[in-house]
Each structure stands twice: as structure tokens, then as C-alpha cells.
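First up is the structure itself, then whatever we jot down about it.
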Amino acid sequence: MAQQKVAVVLGLQWGDEGKGKLVDVLAEDADVVARFAGGNNAGHTVVVDNISYDFHLLPSGIGHAKCDCVIGNGVVIHLPGLYEEVEKNMAKGPHLQGWQSRLKISDRAHLVLDLHQKVDGMKEEERGLDKIGTTKKGIGPTYSSKAIRHGLRVCDLMGDFGIFKQKFLQVVEHYQKLFPSLEVDVDAQLKAFEGYAEKVRPMVTDTTLLVHRYLKENKRVLLEGANATMLDLDFGTYPYVTSSSCCVGGICTGLGLPPQAVGDVYGVVKAYTTRVGDGAFPTEDFAEVGNYLQTKGHEYGVTTGRKRRCGWLDMMVVNYACMINGVTKICLTKLDVLDELETIKIAVAYKKGGEALLGMPASQQVLNEVEVEYVDMPGWQTNISEIRDFEALPTQAQAYVRKVEELSGVPVKWIGVGPAREAMIIVPPRQ
């Protein structure tokens, strides 16, 4: 019998595409949902029974009572943030009950220290006008600590606390040399970590072994990507990116799975484009359309609360992300946000000096200077948020979806028409 493969949900733009909602829908049929990269800089909103839950570090499947959730070795964990997230969501509704017995944390995952968050903010201030737009959650400094091999891992916290203390002091010393004004209450921090050690101990395990065991047992494993392709450290709009691998390759390094274990790759695409923070954004609209999308789409960051920049759907971005990730099906979200527009533009090419560019420019300067070629699609100017059948959509909305399929070469399987779990249309295969 062929071994079960994992399915993965990835963002194909600059994040905030609606990955959490698709994961939540798919988690109903999954046995396991796992995170493999990023930290609590991610923000996924899931609406269950009209209750809106915000997840940052917890996998979005945590709201399903029969679903195990895994935080893999590629994730960086801020333990105070984890427990704060649990408390906030538990106060909203009952869907996280029993979460401790279902959450598995990698012993190889790195710890985000409070000082990492302070350093993140200090580094951002140092940049002056060249700010990256970081969430200041300490993600970059934690991955930096990991790369220069003085990071603290969960297994360190599970071991001899005296050794953990020594390593912690070394990290403090390193950063205080770089940032003399950095203040760290060492005693308070160590006391807090002693408490967290006992809290998380029952959840900590070798998640690489665990995920392979799940697959051997033919469990249905769903992987939840954080951030998105255009925020990937290698393939995104560097340096305005995150510090981890948000693409399909991050699965192998962030969970310990071989490439042949990856089955379907579901790419999530917003029906228009948004990004938080600075960096190139060729289809950004600074006028009426951008303001409309921001207001109608409630485009504010889940993690930061910052206004998202808005613009037209960019198929150069989508096609680039589909190519890198081997996307097998697309989930097109927030189609209902376009309801009131008379004409809808889709970017189909970048040009420089009149010449069409074949790929995605690596240079931010080039990307900032490209001329964007659009196709115009007729709007439908009617409310589609209550529609649940593809054939019941206005013909113009159907045409928009089919155009995305045509331009990407990838079938659209789902359409999101609202924030609720039920506000999803299954798209029939193209005849």
C-alpha cells in the first residue's frame, strides 16, 4: 500500500490571503494539522459558529476536537505569546477545549526570547527610513540566533536548567554587546522559563518521528503554511521579507519530511492583492480602488493591526508562486469584496523599457519601476456573499474565476465569499 502523503496550504501572495480559513475547512477531514515555519508573526483568522478566533502560533486545526496539532522544528516559539493566545481564544468560545492534549511541540524548535523582541524593535528603529515593516515579534533575531548557533531550543528547556541558564546568559551577553542599552531582567526571565518548562513538558516530543508515524498509520496530515511566497527569505521581495522558508521547501526543513511525502499543494490567492509593511507592490492602488478594497475587505493586519496596502490581482506574482511551489489547486478568497466594482483589472505582465519581463525581478529597484500590463474584466455589481453554488454566481464572477485558471494553468477548487467557514463555494472542474 502506498504511504499517505501530506497536503499543504500555502499563501501565494504577501500573506493575509485566507489560509487559516481553508485550513479550518480542510481540518474537518484531517487527523493532524502541522505548522512548519514562522512564529507568532503569522495571523490566521478562523470563524466558527459566528465566533472569530485569531491564531498566530497555534495551528488553525486546534479548534477541531479530534485533530492533533503539531508545531514543527522550523517554527520559532515565544512561550508567553503561546499562552496569551490560548487565553484570548478560550475567552471567546468553547472550541479550544482540551487543546493541551492535542498540541505537540518539537523539541528541536527554537525559542523566541523577550530580548529577541526588544532587539527586533531596536533594529527596526536603527533602519530609519529603510524600515522592513517587521511585526517586532522577535522572529528575525531568533532565526539569526539559530543561524549563528547560539539559539536556545525547546530541548534545552527540557534538560538541565543549570545548563539552560548558562546558555541564556550567553545570549544576553551577545546582544548586550551589540545593543548596550538593552535591558534584560535575567532573574525574572529565568523564573518564567522554569514555569513554562513544566507547563509545556507534556506536549514536547520528537515531532519528526511523530509526523512520519502519522503517515505510516495512514493518518490524514494537513500542513499549514505561514506568511507567504512573496515573504519567503529566498524567493520573496528581499529584504522586505520574513526570516523563514514559507514555500514548499520549508516543509522538508521545518518538519523533517522528504519531498516525496508532499501530495497536493493548495495555493491560497486573494481575489485582489494586499501587503503589510514596506516593499515593492507593482499593482498597488493609491486612489479610490485601493481605499475601497481596504474598507470593504477590512484590510487590517491580524498580528499588527496595521492597514494593509491594496491593489489589483497580480498574476505575475501568482504564477511565480505556483511555479515555485508546484501548486495543484487554488483557493480564491474574498471574491465578494469585488462585488461593487464596475471594472476589475488583472495584472498579466511586467514590462521594462517596453520589453516584457519573463520572470519575477530579484531587484526591488526593478520591481518598483516595472510597467504593469492589465486585462479588464467586467464586474458583477451584485452581492454574492450568500451564494454557495458556482453556477449560481453571476456570469461575470464565473468568468473572473475561469480567467484566473486560464492565466495560472491551475484549477480553482474553492472560492471564498465571506469570513465564515460556510462561506465557501466548491468549483466544478472546467469542462
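Each residue, glycine too, has its Cβ placed from N, Cα and C.
Swiss-Prot annotates D16, E17, G18, K19, N41, A42, G43, H44, T135, R149, T242, R306 as IMP-binding residues; of N227, N291, N319, the candidate listed for that same site is N227. Here the binding residues for IMP are D16, E17, G18, K19, N41, A42, G43, H44, T135, R149, N227, T242, R306. Their largest Cα to Cα distance works out to 34 Å. Between T45 (GTP binding site) and R308 (substrate binding site), the C-alpha separation comes to 15 Å. Considering only the recorded positions N41, H44, N227, the residue whose Cα is spatially closest to the Cα of T304 (substrate binding site) is N41. If you compare Cα positions, N227 (IMP binding site) sits closest to G15 out of the binding-site residues G15, G305, R308, L335. Neighbour count (other Cβ atoms within 10 Å of the Cβ, all protein chains): 25 for V417 (GTP binding site).
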